[in-house]
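This report refers to the structure that appears directly beneath it.
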Amino acid sequence: MTCVRVLTGIKPSGTPHLGNYVGAIRPTVRASRQAGVDSYLFLADYHALISTHDPARVQRSTLEIAATWIACGLDPQRVTFYRQSDIPEIPELTWLLACVCGKGLLNRAHAYKAAVDKNLADGRDADDGITMGLFMYPVLMAADILMFNAHRVPVGRDQIQHIEMARDLAASFNHLYGEHFTLPEAVIDEQVATLPGLDGRKMSKSYDNVIPLFAPREQLRRLIMGIVTDSRAPGEPKETEGSALFQIYQAFATADETAALARDFAAGIAWAEAKERLFERIDREIAPMRATYDELMAHPERVEAYLRAGAAKARAQASPFMARLRHAVGLRPLDTQPAPTSAGAASAAKPAAPVFKQYREADGRFYFKLTDAKGHVLLQSQGFANGREAGQAVARLKAQGWAACLDLHALVHALVPNHEIEAALQRLRET
Ligand code: AMP
């Protein structure tokens, strides 16, 4: 059977909460058990270094998150479960990709742009406090994905742009050095619930409203008793709509159990009783996993052994693949014959028809890019307020060429020399 390779990175930052469990851990573990799915799950510890410089925290968090995933049912025998920093081929690939990545592509990455915008709004230098780690993060992420030629990468909407960049880098590399990389696709799971926290807003560390996934039973009970409710007295009917308590219950209960609680809300169940029922329901699901988690936390050497075995499995693929890529770019032993096609792989190819691709991103703005037939990005626009403006810019570029549209240069980044863009636009006019 052909397998779909699905890759998920988990950043070891902080202690997982019920929202992470419902929104990320539980669906990913379920998906990894499906037939025909070959799952790659990794602890993105290089990524963690972007946001923390506290070594003890990185180590502790890596242990906590790895133990969490195993406790939640991830089967390390079945999936490839590894720590990013155990795979030296990943930073090596990051460099190869950096060398085919236009700087302009990274200038428009959301996380970097947001950091620049914040600096400017606060009256600071645009790049104040921004590390190359943050700037290069999409290239490292592309290396994570392309190293294993993943077909699918489940992500939140805010990450779609990074998958698009991984595709662009893969296409640029393939264009220069031959077909090595599969172009990955982002998968957005619309079904996954967003769990509210203690105060009714999205459960999030930044709102300080979280319930830790593996809080001891009594602490879990105490936290659940603190979930915000309205002031309706026992006996008064209660609304399920907008009730954080009800939504959290729904994320754990069966359809029948949820329907029963809805009936009890209408019949005026006391809040304390509803909370007790929620507590028991969650604890029923979590308690067996909590026991495994506590056991693993007490034995870090077991978690380490799982990760080392996973790294060996991952490197069995990464290492020969990296050798092939090194050869492709010309990092070769000096006593091997140069491959006759190496210099001419791109130039020998027939001139391919370029295409303009227009699309809308999660920020609601309209973008376009010009790529050659192999997907190599030649021009990349910034966001336009509406599709008409983006379409007009495309039409002008097609009709007039790049040099004649000077006013567009502030809105459209050239990722290759100007003469290549002119040649592509000329080809477009001829086809
Ligand atoms: P974070 O802790 O924000 O880095 O999130 C890690 C993963 O958990 C991401 O896949 C998030 O989408 C998911 N997640 C975080 N908070 C929630 C929440 N309140 N409800 C559902 N999913 C969440």
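Here the Cβ of each residue, glycine as well, is placed from N, Cα and C on the backbone.
Curation plays no part in TrEMBL annotations; they are all automatic predictions.
Taking TrEMBL as the reference, the stretch among 122-126, 202-206, 372-376 described by the feature motif ''KMSKS' region' is residues 202-206.
Selection of the binding-site residues D144, R157, L195 by a Cβ distance under 6 Å from ligand 1 yields, in sequence order, L195. The candidate set comprises the binding-site residues R157, K205. Of these, K205 has the most other Cβ atoms within 10 Å. Sequence-distant contacts of the motif ''HIGH' region' (12-20) (same chain, at least 6 residues past either end, Cβ-Cβ under 8 Å): 43-45, 48, 51-52, 58, 61-62, 64-66, 68, 194-195, 197, 202-205, 210-214, 248, 282. For N20 (ATP binding site), the Cβ neighbour count at a 10 Å cut-off comes to 23, with all displayed protein chains included. L195 (ATP binding site) and D144 (L-tryptophan binding site) have their C-alpha atoms 28 Å apart, to the nearest angstrom.
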